[in-house]
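Before I ask anything, let me first share the structure, which is written out below as structure tokens.
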Amino acid sequence: MLLPIIMLTSGVANTVLSKYQDSIAEESEPIKSMAVLQSLNIFLGEACLWFYVLYKRHSQGPGYESLDHLPLKHKVFMALPAIMDICGSTLMNVGLLYTSASIYQMTRGSLIIFVALFATTLLKRTIGQLQWLSLSFVVLGVAIVGYSGSSSSIGSNPILGITAVLIGQFFLATQFTIEEYILSFIQVDPSELVAYEGTYGVFFVLLGMIISYYFIGSTTAGYHGWFDYSHVISRFNEVPALYVISGVILVSIAFFNVSGLAITKLHSATTRSLLDIARTFGIWIIAMAMGMESFHLLQFLGFVLLIYGIFTYHSIIKFPLAES
């Protein structure tokens, strides 16, 4: 019972606190470079899993399957999912800048669509007709959620935000497909794979920040743009609470990853997907309670269709007359 509570609490905290951080950091408009800094924080949280990995190595002894024995080329190959994660996470943080926390989280439900498409085309898996029907409900639900956001005053630029999140899901689905491919031929603890990805992510994001700031962000044309990191850092110095929020998010990301991996191992990926639905609902409720957004019937309808599609896809519930 403790693991689901940890996963739900940390998962809700990640999104709500990130959106709250955006809202108190912005001045006349969102600080664009905040998206990259938040991505760096995500990878720092993933890299913190090394503490968990080292604990498991010590507690389980010589029988623990480590990545240390792998050839260098295999370790380098693990940078590929990290690169996909960088693209996906940064785009999603851009989306969170411009739309509400609940619409951001609901739009993330489109991930299952891209994962299914890649599973059939790249991993050569077969998806049944009823599962494709389930995905059509997911598509319809995401479309309604997106329309409810674009047709209301939710966020400063909801169309840009929703588009960024959707493109981000494509990159994350690519990441998940590569991870599944890696884990299919390498017997290794998934937590160590995430720790490696976090380390690669920190390295590549920092390298990208240095290069992009030098050539773009520090120029007159890049002033207060996507790569002007001095802008967001100066804002952090003006509002010290932003540092505290980043620290809490970093810790919650580490707890979310550890608890999620443990739940997948002890129960199933389906259980984890159920908790992710509960996470989405929790984010929506808390965002409304905090006055960050209001109730929209169309958004609720889209959310219901999204849940129905995901539940039927995982066979948690069945379509009427499906067995007849």
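A Cβ is built for glycine as well, from the same backbone N, Cα and C atoms used for every other residue.
Pulled the feature table from Swiss-Prot, pasting it below:
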- 34-54: transmembrane segment (TRANSMEM)
- 76-96: transmembrane segment (TRANSMEM)
- 103-123: transmembrane segment (TRANSMEM)
- 127-147: transmembrane segment (TRANSMEM)
- 158-178: transmembrane segment (TRANSMEM)
- 198-218: transmembrane segment (TRANSMEM)
- 243-263: transmembrane segment (TRANSMEM)
- 275-295: transmembrane segment (TRANSMEM)
- 297-317: transmembrane segment (TRANSMEM)
Looking at the stretches 34-54, 76-96, 103-123, 158-178, 243-263, which one shares the most CB pairs under 8 Å with the transmembrane segment (297-317)?
103-123
Any residues 6+ beyond the ends of the transmembrane segment (158-178) with a Cβ under 8 Å from its own?
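Those are 80-81, 84-85, 87-92, 94-100, 103-104, 107-108, 110-111, 113-115, 117-119, 122-123, 142, 146, 149-150, 152, in sequence order.
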Among 76-96, 103-123, 127-147, 198-218, 275-295, which stretch has the highest count of C-beta pairs below 8 Å with the transmembrane segment (34-54)?
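Per the Cβ under 8 Å count, 198-218.
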For the transmembrane segment (76-96), find every same-chain residue at least 6 residues outside the stretch whose CB is under 8 Å from a CB in it, and list them.
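Sequence-distant neighbours of the transmembrane segment (76-96): 15, 18-19, 22, 32, 34-36, 38-39, 42-43, 67, 104, 107-108, 160-165, 167-172, 174-175, 178-179, 182, 193, 196-198, 200-201, 204-205, 208.
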Give the nonlocal contacts of the transmembrane segment (103-123) in its own chain as ranges (CB under 8 Å, at least six residues past its ends).
15, 19, 92, 95-96, 131, 135, 138-139, 141-142, 145-146, 148-149, 154-155, 158, 161-162, 165-166, 169-170, 172-174, 176-177, 180-181, 279-280, 283-284, 299, 302-303, 306, 309-310, 313
Near the transmembrane segment (198-218), which same-chain residues lie under 8 Å Cβ to Cβ, leaving out any that are not at least 6 residues past its ends?
33, 36, 39-40, 42-50, 78-79, 82-83, 85-86, 225-230
